[in-house]
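Structure first, then comments.
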Amino acid sequence: MEATTSAASSHEPPHTNTNTNGHDASVNQNTPQTVSAPDSSAQEVADEEDSGLDDIFDENDDEIGDFGPDGEPDTSRNYNRQRSLHSNQQKPAANTFNSVDDQISALSKHASKIRLDDVKDGQERDKDKADRATSEQVLDQRTRMILYQMINRGAVSEVHGAISTGKEANVYGAVAYPDIHGPPVQRAVKVYKTAILSFKDRERYITGEHRFKSGADKGNNRKMVKLWAEKEFRNLRRIHSAGIACPEPIQLKLHVLVMDFLGDRKGWAYPRLRDATIPADDAEQIWMHLYIQLLGIMRRMYQVCKLVHADLSEYNILYNDKQLYIIDVSQSVEHDHPRSLEFLRMDIKNTGDFFRRQGVDTLSDRTVFDFITISEGVVEEPGLAQAIERLYASRSAAADDDTATAEQEVDNEVFRNQYIPQTLDQVYDIEKDAEKIGEGKGSNLVYRNLLADQVVQPNEAEPRSSEDESDNGAALDSDDDGSSEDESRFDKGTPRGHRFEDKDEKKNRKQAVKEAKNERRKEKMPKHLKKRLVATTSRKKK
Ligand SMILES: Nc1ncnc2c1ncn2[C@@H]1O[C@H](COP(=O)(O)OP(=O)(O)OP(=O)(O)O)[C@@H](O)[C@H]1O
Ligand SMILES: [Mg+2]
């Protein structure tokens, strides 16, 4: 995932594991090392390798492939499948050491099917990087064993060169024959690095995520990476089940994830949105179409999958033929995560900035935020696109384009600095806010959609002015599904409360609240001030 944010984490890098994990160029990637009795001088290394392979052959910790409709594992189906898978295999002998040894030798026959140097010409954006990956960062023994197992089970038949090599993961192209008599299909294999130093930034995604309740063991890289891979698998499953374009997850084992390949039949991966070539003739129209498509995806992801991507940008969206594909969802959080709305706001900013750079007349961040979070309304195409068109149509008919743009930039800046409470516990001053709602000024509250069904009785709800209509997503068609969905936010979320904020966070939040209040107090901002603010904000780089 890209480091698209600078949100500082106060946590120390959690890893203490300095295990090289086979990141040793001297190890021949195609010749699996069999683990023999630790009688050499490299006893420590052998011990490490040995202990490092047990879990790979552990039947109770096998790969995930079966998931229920909610994207969570279906344990009964999984169990049955495991039984049948293993029924043909040699039962572990009493001496587990020998059995691991045997399994390694048995799997080694697949060694020639992993050909990482087989990089498609021009496939890799940075071919040098890919070459480096094959020579320096050869797969460690554990990863090779997992790949052999996957080959053995047919999830892939051959693993080829790197499509991408990154800080946290490498993605390889692969081929599989799901149907013996059928044609080959392309697959992608994402291998998370177990020796990475960048977990620090990930802490904020885990804290408060109920699917990580058992706690991530920060001292254990392997466990952490396994959790991330599992999270990506589950999230992909959920997103795919919701009909959002993304790679279908096929199989997961520890830190290795096999998924659908997003690319053409010849094995060319689709470009990232950032690198997409849009025909100049239709550019304006296509970019607009893609922007609207993405807003629909974000709403659908939030309302149907109950997920916030949390690293959404032109780097984690692939593009082909006017279609966007969402990838890289290991850090995506549940909508009741204590910081999900903050992450959502960041996603909105990053994607909005990108589309603005392509010349798209974007909606304000606040409007998009409301469009995504309001629970009433459509969650499917073509209704989503129509709802967005209505938002455009009813957008305040400002005198001229320049003024509208200036106003939007100011509004974006204010919105980006506003404190977003995630639960009622986090509301800064509930009495004041309640007063505001009573006075019909509730539409200024960033979290008004969270309150709509819960706090304000329907008949007491603030009357919406026509301008509010246009700015709060109310123009969505109401299909009345999931109207009380938001309740879960209050039940499930881990209330963070201000006492858990560190000093800087508190200061920033208070400052943001103060600024936001000052901002709102002004009925209308004097023109000269507005100009100055716009000038400084538009100079700011993302
Ligand atoms: N299913 C897929 N089909 C085709 N290409 C893919 C697929 N998944 C990933 N890729 C390619 O691999 C790249 C990296 O994938 P991804 O964004 O999931 O990894 P990452 O977590 O960002 O890794 P890192 O942060 O280490 O770069 C993507 O930009 C994309 O080009
Ligand atoms: Mg990425």
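Keep in mind that glycine also has a Cβ here, set from the backbone N, Cα and C atoms.
Annotated features, as they stand in TrEMBL:
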- Asp311: active site, proton acceptor (ACT_SITE)
- Lys190, Leu262: ATP binding site (BINDING)
- Asn316, Asp328: Mg(2+) binding site (BINDING)
- 1-43: compositional bias 'Polar residues' (COMPBIAS)
- 45-73: compositional bias 'Acidic residues' (COMPBIAS)
- 76-96: compositional bias 'Polar residues' (COMPBIAS)
- 486-522: compositional bias 'Basic and acidic residues' (COMPBIAS)
- 523-542: compositional bias 'Basic residues' (COMPBIAS)
- 128-374: domain 'RIO kinase' (DOMAIN)
- 1-96: region 'Disordered' (REGION)
- 115-137: region 'Disordered' (REGION)
- 458-542: region 'Disordered' (REGION)
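Remark: Lys190 (ATP binding site) has Ala169, Asn170, Val171, Ala229, Glu232, Val256, Leu257, Met259 as non-local neighbours, by Cβ distance under 8 Å and separation of at least 6 in sequence. On its own chain, Leu262 (ATP binding site) has Ala188, Pro247, Ala269, Tyr270, Leu318, Asn320, Tyr325, Ile327 as residues at least 6 apart in sequence with a Cβ closer than 8 Å to its own Cβ. DSSP assigns Asn316 (Mg(2+) binding site) to coil, not to a helix or a strand. Across all of the domain 'RIO kinase' (128-374), the predicted model scores a mean pLDDT of 89. Asp311 (active site, proton acceptor) is surrounded by 23 other CB atoms, counting those within 10 A of its CB over all protein chains shown.
Of the recorded residues, Asp328 (Mg(2+) binding site) and Asp311 (active site, proton acceptor) place their C-alpha atoms 8 Å from one another. According to DSSP, Asp311 (active site, proton acceptor) is assigned to coil rather than to any helix or strand. DSSP assigns Lys190 (ATP binding site) to a strand. In the vicinity of ligand 2, defined as a Cβ distance under 6 Å, the following of the recorded positions Asp311, Asn316, Asp328 are placed: Asn316, Asp328. Comparing the binding-site residues Asn316, Asp328 on other C-beta atoms within 10 angstroms of each C-beta gives the minimum for Asn316.
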